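See below for the structure under consideration.
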Amino acid sequence: MLNKNILLCVTGGIAVYKAAALTSKLVQAGAKVKVIMSKSACQFVTPLTFQALSRNDVYTDTFDEKHPEVIAHIDLADWADLVLVAPATANVIGKLANGIADDMITTTLLATTAPVWIAPAMNVHMYNHPAVIKNIETLAGFGYQFVEPNEGYLACGYVGKGRLEEPEKIVSLVTNYFQTQTNILSGQTILITAGPTKEMIDPVRYLTNRSSGKMGYALAEEAVKMGAKVILVSSVDSLTTPKDVQFVKITSAEDMYQAVMDNYQKASIIIKSAAVADYRPKEISNQKLKKKDGNLIIEFERTKDILLELGKKEDKPFLVGFAAETEKIDEYAWSKLERKNADMIVANDVTKAGAGFEGDTNIVTLYKKNHEKKELPLLSKNQTAKEILLEIYRDLKEGVKNANS
Ligand code: CTP
């Protein structure tokens, strides 16, 4: 984060005190921080606190032009490498979603072309209000990133979702963001499998699962941005293949097995985010099955476990498996890591809101070979992908160091 320009917009909620800690931690991490406060934010903590922590002027009023040679809100908007709104109230979210610019924060936010991250903090019922939900969706549609609030005790006395994410976590997400802006994966070839497999019963019917492939596609897109060469193996045709990705279209688990085995030696990293069928019909009828009286019984046989097979290879690349679970996440994830000889398992509890199959967000936990466990907060699938890739990059770097030492 060294010398990155972070513009922190602080709006009025009790979590303003956490924004002071956030300012300090960002400065300690090497960032240059400038702060804009809303009038209400100044009711909680004085601008002097932020001035002292950021070692910069604090802006509160659009018309209080400190430097006559520039227009402050345009100058700040252009200066920022990243704009963070933390805490973000329902009010600022609403104004921004509707293009309202009536104070220093909102005029600057409309004027910036830098990425904007919003970390909401408010009462649980406010957060769940349909207007707030709609405004957040609108902003997400504009490309704004959200750092979701935590659940827990709220200053208003309620227990629920609405607590500003901890400053340490926000700093870590920001650090990771800047790191992923560089070509850290150049020279790596990543083989990614995504989405469900389709197991044919007859020429017109198949068995599949609810996986959408969005997580795998997000991984492919972000990996290319980080400089990797990407081979994507998938049955999905409803998503656009990310730019510069080599796409291998498959249908069944057997096709995926063949495609992976044909390509695995080219890859330094394999990410198996696909939801592969564990069973397939023993016989595929050449003709469409006609209905008959009584029940239909189809015999199934096991498919090949691709990840398990890869884990046995002597020349195995860095292997990442996925685990979508509905219970005992820890237990199943650790046992999958061990059993399949993977280097990392990305597990999620698909029963949790925001962590399901079809959505655009995910909540995952990473289980690593060195017994480290890393929980990620609710993030967009693209942000989750960036965090996973960054963790792989760090593990590989660490591995190289270990091998050399
Ligand atoms: N996988 C695979 N080949 C299969 C099945 C799964 O490569 N035939 C991979 C998936 O891509 C994923 C991981 O293995 O990375 C999931 O592990 P798995 O044990 O198969 O999970 P489940 O299908 O949920 O199985 P279980 O019933 O054991 O939980």
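Yeah, the Cβs are placed from backbone N, Cα and C, and that goes for glycine too.
TrEMBL annotations: computationally assigned, not manually curated.
Copied over from TrEMBL:
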- CYS156: active site, proton donor (ACT_SITE)
- ASP278, LYS288, PHE322, LYS336, LYS340: CTP binding site (BINDING)
- 4-175: domain 'Flavoprotein' (DOMAIN)
- 185-393: domain 'DNA/pantothenate metabolism flavoprotein C-terminal' (DOMAIN)
- 1-189: region 'Phosphopantothenoylcysteine decarboxylase' (REGION)
- 190-405: region 'Phosphopantothenate--cysteine ligase' (REGION)
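All features noted in TrEMBL, drawn onto the structure.
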| residue | record | contacts (Cβ under 8 Å, 6+ apart) |
| --- | --- | --- |
| CYS156 | active site, proton donor | ASN123 |
| ASP278 | CTP binding site | ARG302, THR303, ASP305 |
| LYS288 | CTP binding site | ASP202, PRO203, VAL204, ARG205 |
| PHE322 | CTP binding site | MET215, ILE271, LYS272, SER273, ALA274, ALA275, ILE345, VAL346, ALA347 |
| LYS336 | CTP binding site | GLY321, ALA323, ALA342, ILE345, ALA347 |
| LYS340 | CTP binding site | ASP305, LEU307, LEU308, GLY311, LEU319, GLY321 |
Mean of the pLDDT scores, which run from 0 to 100, over the region 'Phosphopantothenate--cysteine ligase' (190-405):
93
Does DSSP put CYS156 (active site, proton donor) in a helix, in a strand, or in coil?
coil
